[in-house]
């Protein structure tokens, strides 16, 4: 049997560029370990250019990226906008894309739009699922209208933020809030505020990353939970994992970018999470419901906050969860009796299945006729 040809694409121009490389290394190894696929790699440099497979392999091996990218840029016509993706021609006729681009481009639907334009199967959620889930405000609104419990919130832009007072925030949401850029991942552009000065500083920081900012009520004494979901029409959930960041003396600690990807030595992990059976069932049910409501496919991680009364709140989905050695998503499936090799095989199968299903849809062209649209001269 001819092996399917997988194009693993990683990197990107977001703050999660280096995280993507570490995730891609694990996916690359797992794909090879299946023995079922040929594989090539494409790195997206921080300037947004897709690099050829030879240079991309060197970047995946963690060589210094700067001279590799500088050398590649001497080979392209930078006046041609299509030169940004021209390297995709180098791999020949591969069968499926496997995106491992966290943050911008990879999780906001941009790459998925390109894959659809190229008429190629790809692993993961469709464009609309990524785009909606990456926008924290749209996600909250969809969760709310579908009665999926989440925290209270306020949305502001730069104009409305000028008239919003800290007193009003405290009245509506409480005296501790989280301020988040609407379209960012991995806790980038996220701050906790418990005073007026901290709130103003948090807004300033978040507006560096987006024109729309979400202000969320904090959950008191929370336990942070994560659950993995994979599949298409009939998704399955992993065991639930919990993590706890010890208090540093300034209030409730939280799972920030540094804890996730730089140094998690102080983080206490618990897999599976020690929860009452009813809470376990509710969290898994909420995760599955959100997965379907947000039109997700392939894979996702659902993040929850559990308050001091064991009431779960869905925080946000992650449509392309990290797969580094520090990532809880990766470990959740190990504890769910699905190892890395089986997991990537399933994800690739889901990608092909979704493509084949969508290929059955009708996109009928109906001509208006020359008398309606005229002739081109």
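All positions are counted from 1 along the displayed chain.
Cβ coordinates are placed from backbone N, Cα and C, and glycine is handled just like the others.
Look at Swiss-Prot and you will find 140-349 tagged as domain 'ATP-grasp', backed by sequence analysis.
Sequence annotations record features per position, and here Swiss-Prot assigns ATP binding site to 170-225. For residue 212 (ATP binding site), the number of other Cβ atoms no farther than 10 Å from its own Cβ, over all displayed protein chains, is 19. In the three-state DSSP scheme, residue 212 (ATP binding site) falls into the strand class.
Taken from Swiss-Prot, the feature Mg(2+) 1 binding site covers 303, 316, and the record attributes it to sequence analysis. Taken residue by residue with DSSP, residue 303 (Mg(2+) 1 binding site) is part of a strand.
The Mg(2+) 2 binding site annotation in Swiss-Prot covers 316, 318. Around residue 318 (Mg(2+) 2 binding site), the same-chain residues six or more apart in sequence whose CB sits under 8 Å from its CB are 107, 133, 185, 300, 301, 302, 303, 329, listed in sequence order. Residue 318 (Mg(2+) 2 binding site) falls within a strand when secondary structure is assigned with DSSP.
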Quiz item: Just checking, which of 184, 191 (binding-site residues) has the fewest C-beta atoms within 10 Å of its C-beta?
Solution: 191
Quiz item: Among the binding-site residues 170, 177, 219, which residue has its Cβ surrounded by the fewest other Cβ atoms within 10 Å?
Solution: 170
Exercise. Please give the average pLDDT for the domain 'ATP-grasp' (140-349) in this predicted model.
Key: 91
Quiz prompt | DSSP three-state assignment (helix, strand or coil) for residue 170 (ATP binding site) | solution = helix
Quiz item: In Å, rounded, how far does the Cα of residue 184 (ATP binding site) sit from the Cα of residue 316 (Mg(2+) 1 binding site)?
Solution: 12
Quiz item: Near residue 198 (ATP binding site), which residues of its own chain have a C-beta under 8 A away, given they sit six or more steps off in sequence?
Solution: 191, 192
Self-check item: Alpha-carbon distance [residue 316 (Mg(2+) 1 binding site); residue 170 (ATP binding site)] in Å
Solution: 23
